[in-house]
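Below is one structure, written out as structure tokens; the observations come after it.
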Amino acid sequence: MLLDVVIIVTAIPSITDAFHSLPDVGWYGGAYTLASASLQPMTGKLYTYFRLKWVFLICFAIFEIGSLICGLSTSSKMLIIGRAVAGMGSAGLQNGAFTLISAAVPKDRLPAFQGICMGGAQLGLVFGPLLGGAFTQYVSWRWCFYINLPIGGVAAAALLFIQVPDQMPKDKFSIVIRNVWPKLDLVGFVIFASASIMFLIALQFGGESHPWNSSVVIGLFCGAGVTYIVFVLWEKRMGENAMIPLSIVSQRIIWCSCIFMAFLMSCTFCASYYLPIYFQTVKGASPTMSGVDMLPNILVNVAFGVSTGVTISKVGYYLPFGVSCSVLLAIATGLLSTLKLHTSRARQVGFQILLGAGQGMGTQIPILAAQNAVPSSKVAYAMSVVIFSQTFMGSVMLSAANTILSNTLRTKIPEYAPDVNLEAVIHAGARGVRKVISGADLDGVLHAYTDSIDRVFYMVVGGMCACFCVAWGLGWKDVRKPKPATSPA
């Protein structure tokens, strides 16, 4: 799923060329995020009441249908619809995977298994731009979506024939649908989805099609805020039947896990989006080679993800790893904020090694904390809230990063390259700068780009400092299997 979030990044210039759709760029990612974030809390309800395996497979099928629509798109609108359908399916995939693992694996072995899974997910997240660049450069951008079909088909077929246990006994579908329908909190879902859609549309519009101080953007933000307040009041009224029970999110470990995951994955998203821009725009790398330049991050990320899971299974405590990863990432993103036009390859590699170590070490920590904070019957709720915080905050931070990049470019380009046409440079996009500017003016524009990317990472450093603060609230729990008490001789 995380692969699908970023694989499109390097394909977007080719897509806009094919459909002449530069104004729609924000919606290629926004439609996916809108649909996914709006539905994620509801999937917690579905996994709680219905059989895990079949809910997961249905979500997977919807995701695959969305990918097929994207691959077959004949217009920009069709592509946006496909991205929205894929986002609807993805809403239940990541939290569903963690819920399935939690049901099938003993708690003392969860860290090792989840370390492997998160290593694979992180591999997709940071490897996505490389794959997207290779497909776009050598085959077609459509294969960024087609690739999901054969891989997904094999995975779904394998899961179809595997016996997946449920976390608690569940009745047949016909019985469940009659008894559970009133408990799904559809009113809460409609209120929550409306608020999330308004908020995320405001982020899409702000600074792009509408100024941030426009009545449309302000109205959307105000509407979202009021609707979120109504949602909280409704959930309080619904009690334990709420879509997001307040008894769960009010627990310190759960809300700390949500904040930790939100800032941690925001760091990962920003690095995955803006490091390729640095390598392609500033260093002049091709889409494929920019992925190769990110291999230090990729390899270290996966290695630390797997080894951290195995280590936690042995030592039992995850809190030290949560604190350590936030320190590593604060240092790594601080160093990345020093990237300049002539930064050496050794520094680029070293900074990415620190980044990969922190990402790999920390990604599964909030998942483990949330799983161990609630009873088995409530794990699906906890997972849906934690994964929602990842998706929602990732969208917020990427939107903020885009605004920072755009505003800084508009300030710095006239400073470093006063003779160039500012609007022509902005319209050319990150990959097109070298086609419209040359000579000393190009060096000035590239300096403006490095300053802009540096400021994006300043924001990420702040997020990682917040991550360090909430890491201490993740709980000091031993996840190993308790040893049987020995009777006295």
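The backbone N, Cα and C atoms fix where each Cβ goes, glycine too.
Note that TrEMBL annotation is computational and uncurated.
What you are looking at is a predicted structure, and each value in this text was computed from that prediction instead of being measured.
Taken from TrEMBL, the feature domain 'Major facilitator superfamily (MFS) profile' applies to 1-489.
What TrEMBL lists as signal peptide is 1-18.
Among the features that TrEMBL reports, transmembrane segment is placed at 54-74 (among others).
A Cβ distance under 8 Å defines the sequence-distant neighbours of the transmembrane segment (80-104), meaning residues of its chain 6+ beyond its ends; these are 1-2, 4, 24, 27-29, 31-40, 42-44, 46-47, 52-53, 55-56, 58-73, 110, 113-114, 117, 121, 145, 164-167, 367, 371, 376, 379-380, 383-384, 386-387, 390. Annotated transmembrane segment per TrEMBL: 80-104 (among others), in sequence order.
Positions annotated as transmembrane segment by TrEMBL: 116-139 (among others).
The transmembrane segment annotation in TrEMBL covers 145-165 (among others).
Summarising the annotation, TrEMBL assigns transmembrane segment to 186-206 (among others). Residues 26-27, 30, 33-34, 37-39, 41-42, 212, 214, 216-217, 220-221, 223-224, 227-228, 230-231, 234-235, 238, 242-244, 392, 395-396, 399, 403 of the same chain lie 6+ residues outside the transmembrane segment (186-206) yet bring a C-beta within less than 8 angstroms of a C-beta in it.
The feature transmembrane segment is assigned by TrEMBL to 212-234 (among others).
Annotation comment: TrEMBL describes 254-275 (among others) as transmembrane segment.
According to TrEMBL, the feature transmembrane segment maps to 317-337 (among others).
If you look up TrEMBL, you'll see 349-369 (among others) marked as transmembrane segment.
Listed as Cβ neighbours of the transmembrane segment (381-405) (distance under 8 Å, sequence separation of 6 or more from its ends, same chain) are residues 29-30, 33, 36-37, 40-45, 47-48, 94-96, 98-99, 102, 196, 200, 203-204, 206-207, 212, 244-245, 248-249, 254, 257-259, 261-263, 265-266, 269-270, 273-274, 366-367, 370-371, 373-374, 452-453, 455-456, 459-460, 463. Per TrEMBL, transmembrane segment is recorded for 381-405 (among others).
For 456-474 (among others), the entry in TrEMBL reads transmembrane segment.
Among 54-74, 212-234, 254-275, 349-369, 54-74 has the largest number of CB pairs under 8 A with the transmembrane segment (145-165).
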